[in-house]
Amino acid sequence: MVPGAPPAPSLELETFSHPKSHQHECIYVCDSDLNQSALTVCVCFRPGPARVLTTCVCVSDLDQPVLTTCVCVSDLDQPVLTVHQTISDVRGSYYQEKTVFLRCTVNSNPPARFIWKRGSQPIEQSKDNGVDIYEPLYTQGETKVLKLKNLRPQDFANYTCQVSVRNVCEIPDTFVTFQLTSATSPPALRLSVNETLVLDPGKDVMMSCEVTAGNPTPTVTWSRTPGSVPQRAVIDGGTLTLRSVEASDSGFYNCAAYNKVGNPAKRTVNLVVRDMRNLTFQITPDSNKDSESIQMGRDLKLSCHVDAQPQDKVNYTWYKNGVPILPSENLVILRSDPDMAPGTGSLEIIDMKFRDQATYTCVANFPGSIVPDLRVDVNITQSSVTPPILSVPSGGTVVTAREGAWAELVCLVDGKPRPPVLWSRADKDLPMPSGEWATETRDGRLRLSNVTRDLSGTYRCQTAPYNGLNIKRREAQVQLSVQYPPIVEPAYQEVRSPTNQPVTLRCSVVKANPSRIARASWLMNGRPLPPTVPDSQEPPTLRIERLSPSSNGTYECRVSNGAGVSSCVFNVSARAYNPEFYFDTPNPIRVLPGSNYSYILQWTQKEPRAVDRILGYWINVRQMNRVAMSRQMEVKEPQPGVLLSYVLTDLRIPLDYEVRLTPITMFGLGDSATRTIQYSEHHVCGFEDSRICGFSQDRSDTFDWTRQNALTQNPKRTANTGPDTDRSGTKEGYYMYIEASRPRVAGDKARLLSPLFNVTQARGATGSNRVPYCISFYYHMKGMHIGSLNILMRVKGIATVDTLLWSISGNQGPEWKQANVPVNPSGAFQVVFEGVRGTGYEGDIAIDDVSITTGKCKQDNTVSNTAVLLGGASHRWPLSPAQLLGCTLSAYLLLYR
């Protein structure tokens with residue numbers, strides 16, 4: 001054994017161990033319990049057979065990222081209630097049936113429980129044939145629908161949807177109420193303006209949506225697409241007012257009336273504010289003769305286009321040398337040229353003569369509008385119009401730039417008139433850095449700032465078809481090469497090895513520009529190592545012939561290609577990896593005499609064969625920053641995946657302890673792992689986990705209890721027996737039940753055993769040396785062939801003795817009922833839940849939300865349930881559902897930390 005104190009704890013947060021999995025079951029925690037610095041992203045599933053993806057995070061140890069647990073931050077939104085009505089003819093035209101659906105939707109973690117109330121009374125579907133409560137398919141969030149069939153006078157009332165997460169993280173229940181009356185109706189709207197409004201900039205506009213129907217009184221809201229309603233807009237109920245409108249105010253303005261009944265009523269106004277910009281022209285030679293220049297005796301087309309709204313209301317007027325052009329056989333004016341882009345006006349010159357050489361002017365305007373006119377002049381002569389020439393300057397075919405610097409790509413253009421140059425990516429289906437698919441430049445120079453490696457590639461420059469000759473485009477290409485430092489692997493790697501063994505470190509270059517490695521150097525703990533002869537065909541490599549204490553340390557390989565330097569870092573050590581605690585021990589706590597308890601600590605060793613043989617462990621136990629125990633322990637050589645155990649004794653009730661475990665080899669102390677042990681005297685179980693909280697099937701019985709929920713029920717199961725959901729009413733919640741169908745026969749028994757409870761005889765009430773316990777659970781016994789449910793206490797001793805504590809038989813109705821059973825055990829004991837099959841197949845029995853706590857059963861139970869107690873009269877069972885659920889979840893989190 002190696003002497004010395006173990007290192008300080010490094011674990012930030014207690015976690016579960018899932019070293020080989022990236023998908024975890026989700027456990028619900030409170031937001032205040034999270035250590036924000038330890039949060040990482042992972043894939044999480046909400047518990048249940050559907051394994052629904054949910055909004056969760058992984059909590060990881062910063063130093064040991066393989067230790068993770070998936071947690072969902074518990075929350076409960078405000079529910080949303082909507083009402084829908086249907087009217088159908090019955091028996092021809094004799095009368096009509098009116099059915100109302102009240103839909104309640106909420107988002108929550110964990111799944112919410114729904115309670116419907118009429119007035120202040122909960123609605124029970126089994127006691128009212130006029131209602132139906134169900135969960136619809138294909139809905140977002142969690143939804144429950146209350147269906148009121150063939151509406152009756154008593155159905156006109158206040159309805160409340162109450163949702164609960166059963167006091168998780170002390171989150172209170174939320175609810176929403178709706179008053180259903182004979183006047184309840186969906187909303188209707190009427191617009192005060194036309195559905196399309198066209199205005200000049202600077203004008204005021206008022207749009208009103210008048211509510212014409214709806215009870216309760218609808219609420220009117222305004223929205224706009226695209227974008228949002230301008231901030232300067234004034235909204236007063238159903239009226240929206242905009243002062244001095246601008247072109248940017250154009251869009252679709254939507255008013256909606258909503259009163260939770262039916263679908264919202266909607267109306268839309270298309271507001272168009274007149275605007276003109278970006279007037280361009282095109283000169284198109286005679287396309288029938290493949291001409292690229294102006295020639296006498298051939299046709300010529302001049303086109304004019306402006307970006308405007310509304311586009312179809314633009315008027316184009318043509319002038320020749322300042323004089324308006326009148327259409328003739330030689331000059332043809334096209335208000336909307338079908339051969340050009342929509343909204344383009346053209347002037348066709350037929351069989352061009354010398355007299356047609358002139359300056360032509362195109363004026364775009366909105367008739368009767370205050371929007372200023374736009375105009376462009378085009379000089380048409382044989383010498384003033386020449387085809388463009390596009391070229392790349394010498395040395396500009398390839399442009400090289402460092403990552404983060406700026407680059408300029410140049411294409412020179414000449415011609416009369418000189419057209420703009422459009423730039424785009426040539427070898428990738430990617431937009432330009434601006435986000436557009438093409439970038440216009442007036443002088444042919446594309447300037448890029450802060451270039452990145454993903455901008456490398458071929459760029460195409462081409463002449464624009466406007467503001468010049470509309471002929472075949474001239475184009476060229478320029479290559480941009482962005483240089484960046486090497487990308488290396490691994491960026492960081494832990495390397496563990498036995499002592500006196502060779503170790504090879506290799507830094508691989510994945511990508512680099514330029515690809516040639518100019519220099520590679522190695523450092524140990526920041527100090528340069530003697531240079532090695534580089535091999536251009538192999539990655540930089542360093543070989544440690546024999547790993548010794550002096551060669552343990554941090555090695556860095558720096559690789560340079562002229563554009564920058566990147567590093568591979570290796571932490572080389574003969575230290576053993578950390579142990580990985582096992583958190584799923586069914587019953588780790590044993591109560592000892594004298595207000596003490598013991599704890600079974602279990603763990604596996606991470607990669608035990610990666611280093612020298614592990615000789616033992618140093619265990620350090622602290623309580624409130626005070627060392628309670630510090631010692632070395634010897635173990636057999638750990639094997640991969642094999643559990644190791646150590647029993648911690650003399651722990652004081654009810655204190656919590658921090659345990660740090662450090663492996664020891666001939667090299668010295670290895671990496672530590674830390675966890676917290678929390679004392680818990682009671683065991684609770686909602687059977688949500690497949691491990692069923694340490695409960696087990698009795699091997700001496702006839703058949704087994706089965707774990708299921710509403711989603712795993714056999715669709716062909718026997719009707720009129722068994723619960724539809726677990727005790728909480730959620731489809732994801734699990735419970736345990738016995739199946740009475742074949743091959744079961746009358747009298748067959750199934751026994752479910754609790755974990756073993758060790759009890760002390762020194763902490764009982766005055767006059768008794770026994771500590772009382774309370775067994776609390778919910779049971780469901782519906783069916784005409786129900787047998788019996790028995791609760792027994794199995795005491796461990798020289799011989800195992802089962803004592804009947806509680807029993808109930810026969811049909812108990814469709815509801816879950818609660819029972820609390822007191823017990824005073826004389827020693828270590830187990831609780832046995834025994835289900836006995838009745839005379840037929842309609843005899844399924846279920847249990848849920850089991851808790852076993854020290855102390856007497858409380859007497860403030862709000863659920864009235866009666867059962868036969870051995871040797872006594874009827875009793876009213878105490879613990880309320882809210883209290884039990886709070887205890888259940890709290891203990892569940894404690895037991896599985």
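Residue 1 is the first one shown; counting continues down the chain.
Using N, Cα and C of the backbone, Cβ positions are placed for all residues, glycine too.
Per TrEMBL, the features are as follows:
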DOMAIN    79-164  domain 'Ig-like'
DOMAIN    187-270  domain 'Ig-like'
DOMAIN    285-379  domain 'Ig-like'
DOMAIN    387-481  domain 'Ig-like'
DOMAIN    485-573  domain 'Ig-like'
DOMAIN    585-683  domain 'Fibronectin type-III'
DOMAIN    683-859  domain 'MAM'
REGION    708-730  region 'Disordered'
COMPBIAS  708-723  compositional bias 'Polar residues'
Query - Residues of the parent chain within Cβ reach of the region 'Disordered' (708-730), under 8 Å, 6 or more residues beyond its termini - result: 48-50, 111-115, 166, 686, 737, 740-741, 778, 780, 782-786, 816, 841-844, 846, 848-849, 881, 885
Report summary line: Quick tally over 79-164, 187-270, 285-379, 485-573 of CB pairs under 8 Å to the domain 'MAM' (683-859) gives the top stretch as 79-164
Query raised in the report: How many of the residues that make up the domain 'Ig-like' (285-379) does DSSP mark as helix, as strand and as coil?
Result: 9 helix, 43 strand, 43 coil
Query raised in the report: How do the residues of the compositional bias 'Polar residues' (708-723) split into helix, strand and coil according to DSSP?
Result: 0 helix, 2 strand, 14 coil
